[in-house]
Amino acid sequence: MMRPVVVKEKRVNESQIHVVEDEVRQAKTMDRDIVTHAMKQSIAKLNPKVMIKNPIMFVVEIGFIITFILSFLPSSSSSIPGWFNITVSLILLFTVLFANFAEALAEGRGKAQADSLKQSKKDVFANVVKENGDIVQVSATDLRKGDVVIVKQGEMIPSDGEVIKGLASVDESAITGESAPVIKEAGGDFCSVTGGTMVVSDEITIVITSNPGESFIDKMISLVEGAARQKTPNEIALNTVLTSLTLIFLIVVVTLPIFTNYLGFQIDTAVLVALLVCLIPTTIGGLLSAIGIAGMDRVTKFNVLAMSGKAVEAAGDINTIILDKTGTITFGNRMAHTLLPVGNETIEQVGKWAAISSVLDETPEGRSVIEYVQAKSISYNRELAEQGEFVPFKAETRMSGVDLRDGTKVRKGAVSSVIEWVQSQGGTIPKDVNQKADFISKEGGTPLVVAVNDHIYGLIYLKDTVKPGMRERFEQLRQMGIKTVMCTGDNPLTAATIAKEAGVDEFVAECKPEDKIAVIKAEQDKGKLVAMTGDGTNDAPALAQADVGLAMNSGTTAAKEAANMIDLDSNPTKIIEVVGIGKQLLMTRGALTTFSIANDVAKYFAIIPAMFTLAIPQMEALNIMKLTSPLSAILSALLFNAVIIPLLIPLAMKGIAYKPMSSNALLGRNLLIYGLGGVIVPFIGIKVIDIIVGLFI
């Protein structure tokens, strides 16, 4: 006998359901508000002063005005009924409105994001420390660069700044959307704080780094809602080409009556206007601004703040990506794995001095050394180290350690740096130092040499692991024709092992901050565009030199000011996704341009026979779609020309499907889909519309 299966029902908290329902309801309301606002804006944008910024749609608007006026005048042609002019004018009006709606809808999404950011700019007060030590409470709007402010637990950080004293957990969810608080402390690369975020534990003293209107949130708001959006160079170039095409077709249409008069017949003005509108690239002309705005919007939704559309476009053209090993390719949590003594030294001696060099070292590596030594029960004098003077790690020296009171100098660091330091003090180098360092490097680890004055005791084996999926991601970049270069402070053997495991194309070992600039310039000298990530002040020059510099929001103010993109999630690997978004923007613009121009082929076969068949009967052979009548053919072509714009708005906003592949493969794929599709779709669309229109004519 089978036992009945008892299914336990998982109970969900009703309050959680209500929260989710409220969020969904708010999202729907926001979308509805954006659409309603876009509809109003599409009418407001009919102002000729606004329309002239888009020459293609401005020509369509002029066509609407001409045909609208003609609809109230006697027809010059007996073959054109009175309702034709008003019908053409209405179709042209809706063509312009659809184009305006596409742009307004894209702008509306940006303004919605700006409104949510403005909510985080509450009227807060700051505890300012005066020069005499007194604490005065002032409004955040009165703060100026250089003011020193104390922020306690539960208080809002009043403006952008850098921590100069203390350590605290900060809730940055208002900016990044990430609920987990982050640690901010004085010194290092994680001292930068953003106005509008909240201290959730402890207390910090910060120095203000921005004046009112110049804060990070202010910049975000102005970028996403700025009405005067600067067009990118590629957008300007494409707009110039499309405007030139429009001008050429305008000249053709204006001179056409001279040709027809010679043949002994006249073409009605409304028909000429219809011909012009169908010939010029109205589809891409109506969607061009929306594509650019939507591209910026996609980057922002990815929690990346782009300082300009140019930066997003540049990301799409990137040829080389410079990546830090630690934190980007690997997890960056290098932990002490084992100790290797050299010469006649013992593991206890290596552990003792390794621990002493790490007592004051608050880095994850330093802490891991202490934990390893304690786990192995190796004794060391902690008090001796605490009384000494800490020597912090620097990118230039690539060593850290402590100077004890009795004059003893203890160091741990990169092999070549410590060897050079020992030799400078007259010490000799044990023969097996390099041998054991090579062994660690070949294993993919990082060797740190431990030395006291002029004597080397041994090595610390630090082990790091490559993030899963990195090899596949780099392979995708390779398929796109993008070269990856890994920069690391590790020695060449360690760098080579990690590079091989991760699958990067090239690596630069023992890399210092100034070396990154040299790598970037070398690539740029070859005519390539370069992207890189960084978070420290020492990364700022390289971020400024790169064509796309992605700074981490957790990094220093100098790094964020030098970069042209800021990752609010502080995830260095996101540079790969940013490149993908940039490429998607360029591909969407190119694909819809191809589709728009290819559309003209079908329109030729609709309008040309309709215009000339009565005078030149042989033209009937071009009526391959077998359209009902000349008037139906013209109206069907115009209607398709208008309707295709709103149908393509979702594609313009979302972007075309993007798959990593070579430029030639992408070109072939898009020509097939949007080139051939741009020819076939209008034939089908115009014929269907003609059948419907034919029922009413």
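Note: Cβ is positioned from N, Cα and C throughout, glycine not excepted.
The annotation in Swiss-Prot ties ASP361, GLU365, PHE393, LYS394, ALA395, GLU396, THR397, ARG398, MET399, SER400 to ATP, and of the candidates under consideration, LYS325, LYS412, LYS431, LYS436, the one tied to the same site is LYS412. Fewer than three CB pairs closer than 8 A are found between the transmembrane segment (55-75) and the transmembrane segment (633-653), and contact between the two stretches is not assigned (pairs 6 or more residues apart). In this structure, the binding-site residues ALA395, MET399 were compared by how many other Cβ atoms lie within 10 Å of their Cβ, and the smallest count belongs to ALA395. Counting same-chain residues at least six beyond the ends of the transmembrane segment (605-625), those with a Cβ under 8 angstroms from any Cβ of the stretch are 79, 260, 263-265, 267, 271, 274-275, 278, 631, 633-634, 636-637, 683, 686-687, 690. Within the same chain, residues at least six positions away from ASP324 (active site, 4-aspartylphosphate intermediate) with a Cβ under 8 Å of its Cβ are MET486, CYS487, THR488, THR533, GLY534, PRO572. Pairwise Cα distances among ASP361, GLU365, PHE393, LYS394, ALA395, GLU396, THR397, ARG398, MET399, SER400, LYS412, which the record gives as the binders of ATP, peak at 18 Å. Put simply, ASP539 (Mg(2+) binding site) is 22 Å from ASP361 (ATP binding site) when counted between their Cα atoms. Between the CA atoms of PHE393 (ATP binding site) and ASP539 (Mg(2+) binding site) there is a gap of 16 Å.
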